[in-house]
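Per TrEMBL, the features are as follows:
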COMPBIAS  195-205  compositional bias 'Polar residues'
COMPBIAS  207-216  compositional bias 'Basic and acidic residues'
DOMAIN    251-377  domain 'Palmitoyltransferase DHHC'
REGION    191-216  region 'Disordered'
TRANSMEM  82-99  transmembrane segment
TRANSMEM  105-124  transmembrane segment
TRANSMEM  133-151  transmembrane segment
TRANSMEM  163-180  transmembrane segment
TRANSMEM  294-314  transmembrane segment
TRANSMEM  334-361  transmembrane segment
Amino acid sequence: MKPVKKNKAEEPELEPLCCCEYIDRNGEKNHVAACLCDCQDLDEGCDRWITCKSVGPETCERIMDTISDRLRIPWLRGARKVNISILPPLFLLPVFLRVASWHFLLGVVVLTSLPVLALWYYYLTHRRKEQTLFFLSLGLFSLGYMYYVFLQEVVPKGRVGPTRLALLTCGLFLILLALYRAKGNPGYLRHPASNDRSPSGSQTECLIRKGPDKTKGFPGADLSGGLNNRMPKDEVKGSCRTAAGSPAKVKEDWCARCQLVRPARAWHCRICGVCVRRMDHHCVCCVGESNHQAFILALLIFLLTSMYGITLTLDTICRDRSVFTALFYCPGVYANYSSALCFTCVWYSVIITAGMAYIFLIQLINISYNVTEREVQQALRQKTGRRLLCGLVVDTGQYSRGFLRNWHQFSTLGTHPFHHPAEDIV
């Protein structure tokens, strides 16, 4: 018993963190108040910037890592880290919209530059394969700020009754609920070791036989985890991708990154770093088999609520004019700052709504042809798809079973996540 007591006495007890303390990326205890202390990279970068010398990309990356690690808020049992990508919309969006309300020309410049900046940031993060909360923060804060302006500037004018306001508020809450469901599990594929079901005998034998080539993946699967090259039919028949007892046409693919055998139409999301069942695309969240319906529902509710809010606002600030006419001709709207801000927010909402309507239209077309956005991009790269309606429709002809059957299959997504009819996945 004595040695046991001695070992317990020698073990250092970890002191609980207070609300302002945290463990930094170097594993050391730090304090929120010391966020500006001991930052050699930042001091060096400022010195080079003052002396008009260039700052290397590695130095900038280290500075951003330090800032993101020290940007925290006090919390119970230690300060919580704040994702720096959620902050720009909270400050820049109100500033830009209020500046755009000063004059018509300023409004044109600001409202034109905002989508360009958003697309540039999307391209930058997508190319670097980085996860970001910027677009989720922009979307949620845009909803909240538009609703705040509506309550502060439009409702007091007396043209919006309690029933209309309640209907608009209900639509806003339905959007948030649908987004919450869309942010759920899209259908992540688990590693075989973590599944309750063990692989069949033929699959196990195949993996053992292919053991030396495990790092290279199965033939026909590239190292990037994508499905850029499918196996020919004669190789599929002789390979062990098809499990014993399953239909001969069922295709499966090996992901070299996740080290698992994935079914057809499953893709590896390079942003999430995991394979997703029937993956469509990745935007504010990964859209796959389990949350595709919630994503479509969120888009639909957003479009209806946004158009209703735009109609109510234009009917208030531009009376006795139709919605389309008021968008392009509303005399005297810049006479006072309140109506100018409302008009600017209307145009900002129109731009966002038009973008979401385009995405919604593409999604409806893809569902009607039973293709995913990833399959469309692959078909365009390999020139195996058939373009229709000036390229708006890309028909791969691989999974489509007719308009009604395609929509019926989409309406039942996620109900049987592990079993699909052979004709659906071939």
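Indices start at 1 and increase along the chain as displayed.
Glycine is no exception: its Cβ is also placed from the backbone N, Cα and C atoms.
Residues 139-140, 143, 147, 150, 155, 294, 297-298, 301-302, 304-305, 308-309, 312 of the same chain lie 6 or more positions beyond the ends of the transmembrane segment (163-180) yet place their CB under 8 Å from a CB of it. Applying DSSP to the domain 'Palmitoyltransferase DHHC' (251-377) sorts its residues as follows: 70 helix, 18 strand, 39 coil. Within the chain, the transmembrane segment (105-124) has long-range Cβ neighbours (under 8 A, six or more residues past its boundaries) at 96-97, 99, 134-135, 138, 344, 347-348, 351, 355.
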